[in-house]
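For reference, the structure discussed in these notes is given below.
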Amino acid sequence: MFLKSIQIFGFKSFADRSVIEFRDGISALLGPNGCGKSNVVDSIKWVLGEQSTKTLRAEKMEDVIFNGTENRKALNVAEVTLTLSNDDGVLPIEIPEIEVKRRLHRSGESEYFINSAPVKLREVRELFFDTGIGKSSYSIMEQGKIDQILSNKPEERRYIFEEAAGITKYKLKGAEAERKLQRTEENMRQVEGILREVKRSYDTLKVQSEKTFSYRDLKERIFDLELDIQLLKLKGILDDQHQKEEKLKEKSQKRDELRSAIDTINNLLEENLDQVNSMESSLIEAQKKLYGIDIEKSNRESRRQILTERSSELEQQAKTAVERQSSIREKIASTGEGISAREASLAEFDKRIGEIEEHIASFTRNIESANGRIGENEKHIAQNEKTVLSLERQREDLQVKLREITDDIVTQLDSKLKETGYSRQERADMEEEILNTIESLSIQLKGKQSLVEDALKLDESEKQKTLSLVRDAFEATGLATKKLSELFTRYRSAVPSFIDEFLAPEGIITIKREIDRNIEEAGTEMTRRREEIAALREENKNLSSKIEEYRRTLEELRISRAQMDTQKEAMKESLAGLKRELNDLEKQLAAAEAEAQRCKLNIEENSAKIKALDRERVELDQQEAKLKKELTNLEAGINDRNKELLKKEDNLKQQMDQLGKIQSQVEQLQVNLAGLNAEVRNIYDNFRDRHSRDLNEYDSRMFEIREDAKDLRDKLSKAKEELKALGQVNLMAPEEFSEVKERYDFLNGQLDDLYKAREDLTRITKQIRVESTELFLDTYEKIKKNFHSMFRRLFGGGRGELQLTEPNEVLTSGIEIYAQPPGKKLENISLLSGGERSLTAVGLLFATYMVKPSPFCILDEIDAALDESNVGRFVNVLMEFGNKSQFIVITHNKKTVAGAKTLLGVTMEESGVSKIIAVRLADDGNVVEEEVDEPDGVPTE
């Protein structure tokens, strides 16, 4: 584990957010006094949980928040974040990188975070238990702690040994156990006092509770006796009630039999009466139907007459509608012919207008095409004129060059001829001889060609002879050719060598020829361009004439089209009128056809209705005959049923008289039973009112009573006398006693738990002391041994010793430091010089590191009191430890600075505001990386 970085914002002089990246090995924190170096150390102590404002060099905690300068306003929050590498798992969180943050608001609110999760201060401190890191551990060694080690109080030196031994958590656990033990004993005293008070109430309520139970037993006996007495009384009434109920049952049964007989007679009477009523209803219904048939017959005759008359009227209407149809169809035919004629005229108008529009469009395109062609020609003319002008300038330039090069040729030729003695006459003679030879050879070749052509036309024998002569002639020609070749050789040898120079590609004559050719080409191109310009201008003139002709024709076509549009609109209006007239006629025809069809359908419908009425008249006649026969039969049946009803009514009267007598007897018995029921209800109600219980809950007990009523009354009197003798009774005593007993038992249990807790805490405290003692002594002995060897290394000899001031009280004993620098006697550290004391304290620090290294250590100017030789030895040891641990050294000493790999500079370019500059050095002393911390802005507070 090592310290990767610290981020400071708003803490003391660090107004801007500053990030200090730490590396392994030794880092030196440099800067002039007052620039804020110690503020970096204070920020680390603060984020690790330091609560002492004195240690933080402040009067109150809010003083650590940046308080502003002349140019900057004060901030309202201070925040410091430590980032630690935990790859080796030293911290009890299985995360490779841990971030611890503390934030303080000016309002006084303080916040702690571990990996951005809010935590309590205790959790931050517990995170660094037994790591050598903490607000007061030896991981931060400053001049004040050196003074504490060198103090005259040996007890103040213990914290280094305790931190190295890892007993800080044991001390905290022990102190916590002691506090719990004190609270436990205090709780025991309180519980014992409460228990004594509860005991007095417990004894009093116990006696009252027993008396209450006796009272309740007597009340229960009295209740049982009164219950039995009431039950015996109830039993007598119920027996009498049972006898009357049996008699009532007998009379009720006989009454019911009479009622059943009467009901039977009534049912028969009702059935007969229903039959008579039904028959009378049927008779009335038949009479109604017969009357209805007469009415229906009359109605149907009237309807038949109406339908016959209506059919005659419809036939006349249909005839009229047919006549109207003929007249309308003639008008429709005439109107249709007029519409066809006008539509044909419109089609002819549309065709002629279309042709005119095509001509207009064609002439318009011709005009646009001609204008476009004129525009293109104008562009070509302008381009050609520009090209001609350019060619004229080019030709003039070439002519100037030609005159210059011609003068140069004449001058050089005269000069060369004079130098070589060249004879022009000799060259002219040779040229004449060569020309004569070429002409003679040409004549010979032409003759031989005709000779070969003639030979090819001869027969085989003559062909061979002729070809032989041709071969001879060709051999003679070869001699002439050889002579010509020799003449060319002589001619070339006669030409001066400077002529070849003139004729070479880069020669002056070749240059002249090139200029001549360029002048000729320029002239040719100029002539061609001028001819093209003249042709284009002539073409534009012709196109302009055509455009004017096209425009005149186009205007005539537009006038013709306007006239055609006017005639067409008039034709359209006439056609529309005819179509409206035709539409009206078609509607009238449809109406006439519909009217004729309607009349036809109505006539057919009326004929069908008349036939239906005739059929219904036959059916009604048949129904009338049937109903008259039914009426005769119903009247005879009704007379027979009336005679039977008279007989049944006499029998019913006799049964009703007998039922009246039985009913009187039943009612009397019911009255008697009602009286008995009232007595039973009274017994139940009185019992409920007196005892607040229902007597019917004890019905089964009625048959278990073996005593008579007199004995029960005697026992009841005796129980009441015993109840009176008890006197006043606290009826709530059992419940109150139960509550007090529950509390009494609870307090006894609590007291037992407290006794047990005291024993456990005493055992834990003792165990913590034993383990702490063992750890402390083991670490003390190792540091003592290491201190001796480290003292010799730092002082170059001598002896250093540690002693416990109270060996029998290891956990509270102070620690004396004795030192014997080389050449001096062994004496207490307080008698040494300032430099020796500081070096001794450094030796003790390194001896502690040898036992339990802190992941990182901050040394704040602890080399200030050392001389040059001691600083050298201090730096050597520091560099050796720097290979295993991380050291951050605040120093002004050049030797100490020379041993650092990273230099961290603290400056105050702006008054009152600290800034960080970091430089990393390679092993050869060269700068390999340089970072300047720039403020990144202040976040929202």
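Every residue gets a Cβ built from N, Cα and C, even glycine.
Range 381-408 is the one annotated as coiled coil, of 381-408, 745-772, 773-800 (source: TrEMBL).
When Cβ atoms from all protein chains are considered, those within 10 Å of Gly34 (ATP binding site) total 10, not counting its own. Within the chain, the coiled coil (381-408) has long-range Cβ neighbours (under 8 A, six or more residues past its boundaries) at 508, 511-512, 515-516, 518-519, 522-523, 525-526, 529-530, 532-533, 536-537. Secondary structure from DSSP puts Asn39 (ATP binding site) in a helix. Of the chain residues outside the ATP site list Pro32, Asn33, Gly34, Cys35, Gly36, Lys37, Ser38, Asn39, Ser13, Gly31, Val906, Met908, Ser914 have their Cβ within 8 Å of the site's Cβ mean position. Cβ neighbour counts within 10 Å, taken over all protein chains shown, single out Ser38 as the most crowded of the binding-site residues Asn33, Ser38. Annotation: Gly36 carries the greatest number of neighbouring Cβ atoms among the binding-site residues Pro32, Gly36 [cut-off 10 Å, Cβ to Cβ]. Sequence-distant neighbours of Lys37 (ATP binding site) (same chain, 6+ apart, CB under 8 A from its CB) are Leu29, Leu30, Gly31, Ile890, Val906. Annotation for Asn39 (ATP binding site): same-chain Cβ neighbours under 8 Å, separated by at least 6 residues, are Phe11, Lys12, Ser13, Phe14, Ser914.
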